[in-house]
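Worksheet: the structure to be examined is printed underneath.
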Amino acid sequence: MYDIKAWQHVFKLDPAKEISDNDLDALCMSDTDAIMIGGTDNVTEDNVIHLMSRVRRYPLPLVLEISNIESIIPGFDFYFVPTVLNSQDTTYHNGMMHKALKQFGFMVNFDEVVLEGYLVLNPDSKVAKLTQSNTNIDIEDVEAYAQMVNEMYKLPLMYLEYSGQYGDVEKVEAASRLLTNTQLFYGGGITSIEQAREMAQYADTIVVGNIIYDDIKKAIKTVKIKKESNK
């Protein structure tokens, strides 16, 4: 079993987007710690299977971040399940999870399931609109959510999701100060090694996504934070 705690860098691939074999090879051979597959819309069983089969050729941990029940398939090392803490719709707190367990709970290997305390922070993102997330939150709110995740829910991961927008470093730092046991993931808008380096000061794990499809060379450069890290 892979040790998620050791991950510093993850590439996130959207199954609804095209990526060439050459670019995929470059990502998977880049020394990233893991590949995550996930997206907000147009995520289907077919495109998840297709992308998974291409990534499986490489000796890397492979994660499915679940966005709908229909696209859950066997064959991943881990299944990350977001519970969106600032969603105003209980579907995205535990409603989808409840529905999935009613159907498939008897066959779930819970050693592969990782619950993420998720904060959606980009008001213009598709995921914010889909989940009806209250993104108008300040540092004190982030600190309260971090305490909730770390001290009360005792979740293994907290994920600050800016979804295409580069985030507020002070909020990431605030969360990191209070997460003594929970691992902090940051994702959103990282387009350069400088931004990756800045967020990696506070997040245990950075997730790099959109830049893969805009500039593969810049995406690959973000992996350098692993060699620079003193963690």
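Cβ atoms here come from the backbone N, Cα and C positions, even for glycine.
These numbers come from a predicted model, not from an experiment.
Swiss-Prot lists Lys12, Tyr159, Leu160, Glu161, Tyr162, Ser163, Gly164, Gly189, Gly209, Asn210 with the feature sn-glycerol 1-phosphate binding site, giving sequence analysis as the kind of evidence. Lys12 (sn-glycerol 1-phosphate binding site) carries a strand DSSP state (E or B). The local packing around Lys12 (sn-glycerol 1-phosphate binding site), expressed as other Cβ atoms within 10 Å of its Cβ over all shown chains, amounts to 18.
The Mg(2+) binding site feature in Swiss-Prot is assigned to Asp14, Thr40; the stated evidence is sequence analysis. A simple way to gauge crowding: the CB of Asp14 (Mg(2+) binding site) has 21 other CB atoms within 10 angstroms, across all the protein chains here.
Between the C-alpha atoms of Tyr162 (sn-glycerol 1-phosphate binding site) and Asp14 (Mg(2+) binding site), the distance comes to 15 Å.
Checking each of the binding-site residues Leu160, Gly164, Gly209 against Asp14 (Mg(2+) binding site) by C-alpha distance, the shortest gap belongs to Gly209. Same-chain residues at least 6 positions away in sequence with a Cβ under 8 Å from that of Gly164 (sn-glycerol 1-phosphate binding site) are, in sequence order, Asn122, Ser125, Gly188, Gly189, Gly209, Asn210.
Long-range Cβ proximity for Thr40 (Mg(2+) binding site), meaning a same-chain Cβ under 8 A and a gap of 6 or more residues, is found for Ser67, Ser125, Lys126, Val127, Leu130, Ser163.
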